[in-house]
Amino acid sequence: MEIELLRTACMCQTVICCRVTPLQKAQVVELVKKYKQAVTLAIGDGANDVSMIKAAHIGVGISGQEGMQAVLSSDYSFAQFRYLQRLLLVHGRWSYLRMCKFLRYFFYKNFTFTFVHFWYGFFCGFSAQTVFDEWFITLFNLVYTALPVLSLSLFDQDVNDWWSFQYPQLYTPGQLNQYFSKRAFVYTVLHSGYSSLVLFFIPWAAMYDTVRDDGKEIVDYQSFALLAQTCLLIAVSIQLGLDTHYWTAMNQFFLWGSLSVYFAVIFTMYSNGMFLTLTSSFPFIGTARNSLNQPNVWLTMLLTSVLCVLPVVAYRFLRILLWPTINDKVRYKVRQDKVLPPTPRRVQARRTSTRRSGYAFSHAQGYGDLVTSGKFLRRTPKSRPALFSQTDSPLAQTQPQFYRTISEREEPPLSP
Amino acid sequence: MGKAKANAGPLARRPDNSAFKQQRLPAWSPMLTAQTVLPFFYGMAIVCVLLGAWLLVTVQNTHELKVDYTHAGSCDKCFEKRKDRANANQSCNCTVVFNIENMFKGDVFFYYGLINFHQNLRQYMDSRDDGQMIGRNKNLRNPSSYCEPFIKDKNGLPIAPCGAVANSMFNDSFTLVYHSAAGSRVVPLFRKGITWYTDKNVKFRNPQVENKTLTLAQVFEGTGQPLYWQKPVYDLDPWDRNNNGFINEDLIVWMREAAFPNFKKLYGVLNRAIEPFTDGLPAGNYSVLISYNFPVEYFQGRKEVVLSTVSWFGGQNNFLPVAYLVTGCLILLLAVILTAVWWKFGKNGRNMEE
């Protein structure tokens, strides 16, 4: 019986259950959860909604008229039902985007870092010798790449909130789990594999059998470690730059700051003072000074960066050209609008709706005969309690209230 | 979520309407468009090709000559001799002849090379005591435990310098001889100035003593020489008294471990103050007299002697120039493909309808 109900209900656009007890509300949610592979959200404002809120994957509580019961048992809470739109289309979407970008990038940088050691194993007799300086390994995730990733996952937006309301279809990638799936993970691993090959073998081949410009050593372990770690850091930083779509001042500061901190730290750690103070901890003395003044080293870094980054740029560009996602299309539109400012909108008279007909459900007699009798139009309307609070409240000014205009002429209905 | 505000009421707990908290920070939103990507690719292709061509010309102007002497010439009997450890105390000299066709103009550097010697093994690299090498007296008599088992010699004395790296120091020596019509003469090589400045002056120092009249042998009193060495550390260079102890340049060069199993290390620099080597190494017949001590048979290694000139770009390594040229061509190809795809499919946002 339940399955029948579920199947029938899922064939409808909207289902209204009335006169349900709290337990039944929860049961409806659980029915959907159990048989459909869907994420459920329940929103409610009263104490009778608590079980439904707790049963759903995401529970949203409205604080206000009916007390704080719903709020206390919910995952998210706000003050009005209409804020649900902003929660889903703006904040939920951004949160999904940021989380997925963060995960992909984090796996990428750490896999690249690790695979380089794997390739070096073939050259060091598999003795587990690290390619990089031990201090670099310690500070890589802690200092050199921590803040830029943090700023990516805090501030990144693909389109701003106004455009998110204009194009609700932007929400679908989240529903279809497109940004981080097993497939995306495999692509990340393959990308890391390629990057690590470039980041190890190009420095290896460039440094093989060569010397400094005054004939002295440059292919010693310490110089090579410095070269490999600098190449790695530059490559992953550029990759982060490619992933960032929203460059605030903080993103810039963190990214360039982290790179500067890296150079400052290595010059400090490889200085005479540190070596004389803590000899066995800082054995790389003099390496930065002796190898970073070689054009050979910088040209190797340039080549590795180019080889790591340009294929990614080309691939993304091709994807945007040939198979643009809804995201790409909206961003393109945003760009076009910035280039040509939009035609000024006709100031709309504030009407509650542009629908030509309306429906209302009621289980009491209601005012139907009053409306159809026409008496309504000849007299000043009786003041009725408003169903929704006044839309001209100050709060409304901060919310985009209008949808994309449904023009008066006949238009085919938008796809769901 | 919201801060308590001075004014009570329905908006009391509203969050700040600042750009930071409302996520409206001013930002740059770049996008990969044809106007930025295509010129960038063409630009990078040109840069890479030009760079590759320039580097190729630079590297072609360097000369390098490698002579493998593991069992070349008369060295094969030394090779056989060194197979037996009992012969370690006996010296063995051999000669290898080679010919230089074109003159090596400019500064010429003489290297010894080893093939298949893994100086980058983790335990090998850990087996040293930098504190001892910087001249700390405490570490001189009490080397760090990382040096095990190369820490005490058979008399129980602490080894200076301790560890596997120092113990396996390369001990062949070379004399390069130039045979011209006028006769044979030894090619003069500077055997100092082959290390990094920071290594020679900071990382390696002899132990400090208050009594400056002590000889180096007395300073190292109470320590033993590494097990595989023939001479103690204070007597490594009998000709130059200042090149002994931990600051011996050959030792310093050896202690800077190589990153890969096939490497070369600087042995000497041509002394261009003396005729006929003022312009470099003239073309002609040369021979190397080798005091063959280092056994390589145990690890299937090989030994070689390398003569090389350098440029601002370093030694003779053609990889980077060729790689830049190849990368430049690949980028150009990619740019052309992207331009074609853009022209056909994406121009004027053809694909960008909703």
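Cβ atoms here come from the backbone N, Cα and C positions, even for glycine.
Automatic prediction, not curation, is the source of TrEMBL annotations.
What TrEMBL annotates here:
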COMPBIAS  A:388-404  compositional bias 'Polar residues'
COMPBIAS  A:406-416  compositional bias 'Basic and acidic residues'
DOMAIN    A:71-325  domain 'P-type ATPase C-terminal'
REGION    A:382-416  region 'Disordered'
TRANSMEM  A:102-123  transmembrane segment
TRANSMEM  A:135-155  transmembrane segment
TRANSMEM  A:184-204  transmembrane segment
TRANSMEM  A:224-242  transmembrane segment
TRANSMEM  A:254-277  transmembrane segment
TRANSMEM  A:297-318  transmembrane segment
For the transmembrane segment (A:297-318): best-contacting stretch of A:184-204, A:224-242, A:254-277, by Cβ pairs under 8 Å: A:224-242
Recorded stretch that, among A:102-123, A:184-204, A:224-242, A:254-277, has the most CB pairs under 8 Å to the transmembrane segment (A:135-155): A:254-277
Per-residue pLDDT averaged over the domain 'P-type ATPase C-terminal' (A:71-325), given as an integer: 94
Other parts of the chain folded back onto the transmembrane segment (A:254-277), taken as Cβ under 8 Å at six or more residues beyond its ends: 135, 139, 143-148, 150-151, 226, 230, 233-234, 237, 240-241, 283-289
